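Peer 1: Please read through the structure below; I'll follow up with questions.
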Amino acid sequence: MEWLYSLFIEHSALQAVVVLSLISAIGLGLGKIHVCGISLGVTFVFFAGILAGHFGLSIDPQMLNYAESFGLIIFVYALGLQVGPGFFSSFRKGGVTLNMLAIAVVILGTFLAVVCSYTTGVSLPNMVGILCGATTNTPALGAAQQTLKQMGLESSTPALGCAVAYPLGVIGVILAVLLIRKLLVRREDLEVQEKDDANKTYIAAFQVHNPAIFNKSIKDIAHMSYPKFVISRLWRDGNVSIPTSEKIIKEGDRLLVVTSEKDALALTVLFGEQENTDWNKEDIDWNAIDSQLISQRIVVTRPELNGKKLGALRLRNHYGINISRVYRSGVQLLATPELTLQLGDRLTVVGEAAAIQNVEKVLGNAIKSLKEPNLVAVFVGIILGLALGAVPFSIPGISTPVRLGLAGGPIIVGILIGTFGPRLHMITYTTRSANLMLRALGLSLYLACLGLDAGAHFFDTVFRPEGLLWIGLGFGLTLVPTVLVGFFAFKIMKIDFGSVSGMLCGSMANPMALNYANDTIPGDNPSVAYATVYPLSMFLRVIIAQVLLMFLL
């Protein structure tokens, strides 16, 4: 039986791998069980870790710290990499509003924590720990402990408060999302949102009556116009054609245009007249040319095209084809000449069969090559993220510098590389399954270590009178701000439920609740909203944990 002892009990690298794998496997297995329609998924790994720690299972502290940190880093970086392409565009679609709402969650929770500390007699260091647990924010806990050390005070007291409040901190956000869904969200809300996400482009028909564009090429007209558009068909003298950018537009031409719905009015002013909403008019057969054409979706797989402008390829002029749409990470984009291509983009190409074959050679369309992992961007991003997280930021009035830490730095760099990497010709593409695998692996490691560390003293603290008080306070600090702000965001501000859920999860730094939201809400809105508010929320949480101790102790 000595080999069993060395495998499960005696501290070693092998024992650490076995214990963490066992906790993760049990937690993930139990996480698939549905109770009242709810399953905790990967979150159950945390509770499996607590149980293992309670029964005396442990691993080497340095191994524990390494695995916990590395798991968190992998998770947040992969998340940033996934949502990066849609992150900055989200600021034009309500991202500022989402961040303001997230700040409201942070401020409301902090205010309640200070009030509870003075009214219940719980010491401020313990209350800061409870607040960190209620918001599932271990970087803030680390910042608070570092501040206490620098002030010459006991630094271990907040950790137990965090561990006691953490489980209901995880569940509290899930309950808030579930409560808002049950009370306010209709099935049609989710269906409409799913439909809207799949149709971001708009097809309209116009007739040319504006003298300012008579006898001008499509390229010249595009340079004159702010709204972006693609002319996919041109009807002239009873014939339909696919125009190139050099095609001259004449009075009376009828155009089938792909644009965004909000730009349709501006294009009506540009061209002169918008046709009936139903662009399939009886007097025009826009599909007449289709007997000679085929439509095919081609994937960009040639690395040298990564970061190039679509217009620089001059595909329409060289091959007489039309690119109507581009799909990227599940988002439908307008195929404008200024669009920067990324590896993995899927282009809808319309043209003759021979021309499409030539375009296929230009773009690559070798889907198998995309399955090869691009790990350089992952490791470079992690290094840069950790470097950013270690940079001290001096805040006026605070003696201790503030740092973004292991979570804040990598997610910001992940977002930046996911967004701007292709423009620097850095290959950042990963398949959705590979990204999900990285995130799930990182989160499982992080939660297993967190639970194992908290489990040793968890039940002893919980069943003491002050432990029950801490649990109640932590649950209140989780539930009250999220429900109030979530209700306001969905009911008053009319923000879609997916974005509200992601905002609440991000403002509470709760990746486990995000995992639940992603499993139950269609589309990527929860992940995009989470990444939109997470960096600022994390930064504020870390600052506030230090500010409270410095100014109120």
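Any Cβ shown, glycine's included, is placed from N, Cα and C.
Per Swiss-Prot, domain 'RCK C-terminal 1' is recorded for 190-273. If you look up Swiss-Prot, you'll see 281-365 marked as domain 'RCK C-terminal 2'. Annotation comment: Swiss-Prot describes 13-30, 37-59, 69-91, 98-120, 157-179, 375-397, 402-424, 436-458, 468-490, 497-514, 529-551 as transmembrane segment, evidence class sequence analysis.
How about a rundown of where these features are and what they're close to?
Peer 2: Through the fold, the transmembrane segment (13-30) approaches residues 6-7, 41-42, 44-49, 52, 57, 59-60, 63-64, 67, 444-445, 447-449, 451-452 of its own chain, all at least 6 residues removed from its boundaries and within a Cβ separation under 8 Å.
Residues of the same chain lying 6 or more positions beyond the ends of the transmembrane segment (375-397) and with a Cβ under 8 Å from any Cβ of it are 73-74, 77-78, 81, 403-414, 417, 421, 426-428, 430, 438, 543.
Long-range contacts of the transmembrane segment (402-424) within the same chain, counting only residues at least 6 positions beyond its ends with a Cβ under 8 Å from a Cβ of the stretch, are 69, 72-73, 76-85, 87-88, 138-139, 142-143, 306-307, 340-343, 377, 380-382, 384-395, 509, 531, 534-535, 538-539, 542-543, 546.
Long-range contacts of the transmembrane segment (436-458) within the same chain, counting only residues at least 6 positions beyond its ends with a Cβ under 8 Å from a Cβ of the stretch, are 19-20, 23-24, 27-28, 42-43, 45-59, 64-65, 67-68, 70-76, 78-79, 82, 138, 160, 162-164, 166, 378, 430, 511-512, 515.
Same-chain neighbours of the transmembrane segment (468-490): 101, 104-105, 108-109, 112-113, 116, 120, 122, 126-127, 130-131, 133-135, 161, 164-166, 168-169, 172-173, 175-177, 179-180, 184-185, 461-462, 497, 500-501, 503-504, 507-508, counting only residues six or more beyond its ends whose CB sits under 8 Å from a CB of the stretch.
Same-chain neighbours of the transmembrane segment (497-514): 40-43, 46, 75-76, 79, 94, 98, 101-103, 105-106, 135-137, 139-140, 169-170, 173-174, 176-177, 180-181, 185, 189-190, 193, 407, 443, 447, 478, 482, 485-486, 489-490, 521-523, 525-534, 537-538, 541, counting only residues six or more beyond its ends whose CB sits under 8 Å from a CB of the stretch.
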Peer 1: In the predicted model, what is the mean pLDDT computed over the domain 'RCK C-terminal 1' (190-273)?
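Peer 2: The predicted confidence over the domain 'RCK C-terminal 1' (190-273), as a mean pLDDT, is 79.
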Peer 1: Looking at the stretches 37-59, 98-120, 157-179, which one shares the most CB pairs under 8 Å with the transmembrane segment (529-551)?
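Peer 2: The stretch with the most close Cβ contacts to the transmembrane segment (529-551) is 98-120.
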Peer 1: In the same chain, who gets a Cβ under 8 Å from the transmembrane segment (157-179) while lying at least 6 residues past its ends?
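Peer 2: For the transmembrane segment (157-179), the list is 38, 40, 43, 46-47, 50, 123, 125-136, 138, 141, 144-145, 148, 450, 453-454, 457-458, 461-462, 467, 470-471, 473-475, 477-479, 482-483, 486, 501, 504-505, 508, 510, 512-513, 516-517.
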Peer 1: Under 8 Å between C-beta atoms and at least six residues away from its ends: which parts of the chain pack against the transmembrane segment (37-59)?
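Peer 2: Here the qualifying positions are 8, 11, 15-16, 19-20, 22-24, 26-28, 30-31, 166-167, 170-171, 174, 178, 440, 443-444, 447-456, 458-459, 512-513, 515-516, 519.
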